[in-house]
Amino acid sequence: MIQLEKRPQPSRFWSLFTPVIAVIVTMIAGGLLFAALGKNPIEAIRTIFYDPLFGEFSFYYRPQLLVKGGPLILIAIGLSLGFRAGIWNIGAEGQYILGAICGAAVGLAFYPTESVFIFPLMILAGLLGGMLWSMIPALLKVKFGTNEILVSLMLVYVAEQLLASMSLGLLRNPDGHGFPGSRNFQDYPSGHNTEILAGTGLHWGVAAAFIAVTFAYILLNKHILGFNIRLTGEAPRAARFGGVNPTRLTILCMGISGALAGLAGLFEVSGPSGQISIDFNVGYGFTAIIVAFLGRLHPIGILLAGLLMALTYIGGEIAQANLGLPAAAIQVFQGMLLFFLLALDLLSNFRIRLAVKGAA
Amino acid sequence: MNTPLLSIQGLTKAYPGVVANDDVSFDIAEGEVHALLGENGAGKSTLVKMIYGLVKPDSGTMTWQGNAFAPAEPRAARGSGVAMVFQHFSLFDALNVAENVALGMENPPPMRDLAKRIKDVSENYGLPLDPDRTVGDLSAGERQRVEIIRCLLQDPKLLIMDEPTSVLTPQEVEILFQTLRKLKSEGTSILYISHKLEEIRTLCDHATILRLGKNVGECVPAQTSARDMAEMMVGDTLQTPTRTAQDGGEVVLQVDDLSAASGNPFGTSLKNISFSVSAGEILGLGGVAGNGQDELLAALSGELLTAATAVTIRGDAVGNLGPNQRRGIGTLAAPEERLGHAAAPNMSLVENALLTGAIRQDLTKKGFVNWKGATEFADQIISEFDVRTPGSDRAARALSGGNLQKFVIGREVLQDPEVLIVNQPTWGVDAAAAAAIRQSLMDLAAKGAAIVVISQDLDELMEISDRFGALNEGRLSELRPTSGLTIDEIGLMMGGSHGMHVAGEETVEQEASA
């Protein structure tokens, strides 16, 4: 009989290595899945994990890693602060959309004026847009005790409708011959999120992600606010006793995560995506939840997890194109990663003991 | 001599890292009240769990009326006639008494018959109980009666009671003892687990004393002094805390007509509480658990905000200030629940030192944490309060209850509070550690702090406090000087007997102390 025994002290070894093991187990289970679909599993795994980095066309894929990883990391960092405190903002996708709409609207309002102040203004607007959207579930929670999971999630669908309306109506490109979608920021230098170093994929949003990682690390490890966030997640009553104001903390965590998601949306719409369109968002806000947990809610972990997730995205696309793997199989593969990670997470707090039945 | 009802020979049970029971042997005769005495962690619970079939011994044998006895599960033990009343009740608040009793039976009779049987048994043994009442509305004493009646319906030959009096007022204890004596006269054996020596001396025929898992002695309690038993239990001469009573200090903490709704739906609201504590004084507040203790601590620590003027400290109204603002003016607190309230279980002792020490120990600068300072503070608590742990980087949950309690109390005492409020400072702590904690509170008072000790251990309150009051349903009784208080007076202050009465005797009147 297998028994789980609680460790007196969480194991450092296992908390560091479970993500590695989870990736390996995902490769094995994913390989089986691909084999069942009639594909060569080794080739599929190689296509997903190896080709984007070192394959023939890696010069093209490597910058993509930053382009895709940047928003994931930026959003996940914000989410992780709330998750650490037991505040579950599931609606980052909506905040991402609102950040993009607000930021883009500010930029487009100035079109075609050229000024160095326009892009910073757009950043500010994106940040505020995401933050205000996250304030809806936050205030409803602290005032009326609603569940922030449900409210923030449902607001994603409201945001999607708003996005559709914007790209068909208010923000539609007047010179676009009736096609839905806004002007393209690539044609508007003052509002364009350019690459800081050409050809590397390193745009301003990626830089913002790295800054967010640094700040989150300092906040959680050196600052009393980060301590209070961790304390609230570990033991809410002890946090109250320790003088933490739960209302203020909820608003703060929701606000930060909304602001970072909004930023990610702005950087995306003004950079890689280029324009507001009905479907410019590709689910970064949801994937970031996986990234946050894959990175164990730790800033450095999230940095690595964001890059890994971006890798499976890019590799998954290559596998779809080259091997004809269905998109659903790639999504299952990404889901497996989270599944195994959460399952193996058990090992950091418990040890498995094989016991003869009846002896215990 | 007749065959004993239950004979235990050489029972041993080891857990990883600790031998809970080491070669324990004793006999329980028919119709005997046998005490099992020992400190927390002495192995009493493991031993009775083996008798009750919850834990399987590593070695050793038990015989039941001369036959080999090795219950594989509690059902087998119950089948042989063993019944047990646990320290923590396993009752469902939303169900009524009869339903709760039925849930604990193998083959419950139809509800109507069961209700009648509950009535019969309860009247027979002087434990009146209405089978139709919802358990959520019962007092702790009444809930215990539900558990006892559930056992009695099985017609047990051996009734095991684990620390039964910890939730009872003195009057309720007396009624329980009457019931147990009646059971004994009918031939039922009782295994009575406790560390309260006076109880054992009045009730038990025979006592087995455990220390660190070993049987270290047996005695006839009525012929042995409490002190001798205590020393057998602790294995050392007991250090009794000493203090010289103080008076005449200026009033530091003043509570004036404090009323507050509990934050918890099952909590007790505080109603019109007024008292004051002077510098150098220890006020002891007793009362049965769940009568507003947690809420009072929360209102004094700042977790529960009230009208500003309801709590004043040196004349300043602080009722609307949060915990950290109160720490700033020297008001500290140590809640009852160690894990999850006083300390965060998964966080290190350093982080837990920071939890309440940040303000007074000046452990943050512009919001940035001085981890070196926090580590030093944690290490200071560990060394000055003799906290047994490999280091301050350990998680709080890795400490034993007593050690964590020393840490929690030490953390507040070392911050030199002017006002300290503690709830259950020695709950679940071994005698030596409890004595150390009490001594530290008294030393703190001697330095001029005003201290409120909330506790359910009356002996403790009698020992250390200058004045005594009791909480009952969120109200505070009149405060009386501790010296000269009798146990009867205390019982009345605690709210009388919660309507209990002894079979065939007059009802003990429930009255508030006027």
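The backbone N, Cα and C atoms fix where each Cβ goes, glycine too.
Automatic prediction, not curation, is the source of TrEMBL annotations.
As written in TrEMBL, here are the features:
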TRANSMEM  A:12-37  transmembrane segment
TRANSMEM  A:65-83  transmembrane segment
TRANSMEM  A:95-111  transmembrane segment
TRANSMEM  A:117-140  transmembrane segment
TRANSMEM  A:149-171  transmembrane segment
TRANSMEM  A:202-220  transmembrane segment
TRANSMEM  A:249-267  transmembrane segment
TRANSMEM  A:325-347  transmembrane segment
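Here the transmembrane segment (A:325-347) sits apart from the transmembrane segment (A:65-83); fewer than 3 CB pairs are under 8 Å, leaving out pairs fewer than 6 apart in sequence.
The transmembrane segment (A:149-171) makes contact with the transmembrane segment (A:117-140), as judged by at least three Cβ pairs under 8 Å among residues 6 or more apart in sequence. Scored by C-beta pairs under 8 angstroms, the transmembrane segment (A:95-111) has its highest count with A:117-140, from the stretches A:12-37, A:65-83, A:117-140, A:202-220, A:249-267. Listed as Cβ neighbours of the transmembrane segment (A:117-140) (distance under 8 Å, sequence separation of 6 or more from its ends, same chain) are residues 89, 91, 94-96, 98-107, 110, 146, 148, 151-152, 155, 159, 190-193, 204, 250-251, 254-255, 257-263, 265-267, 270.
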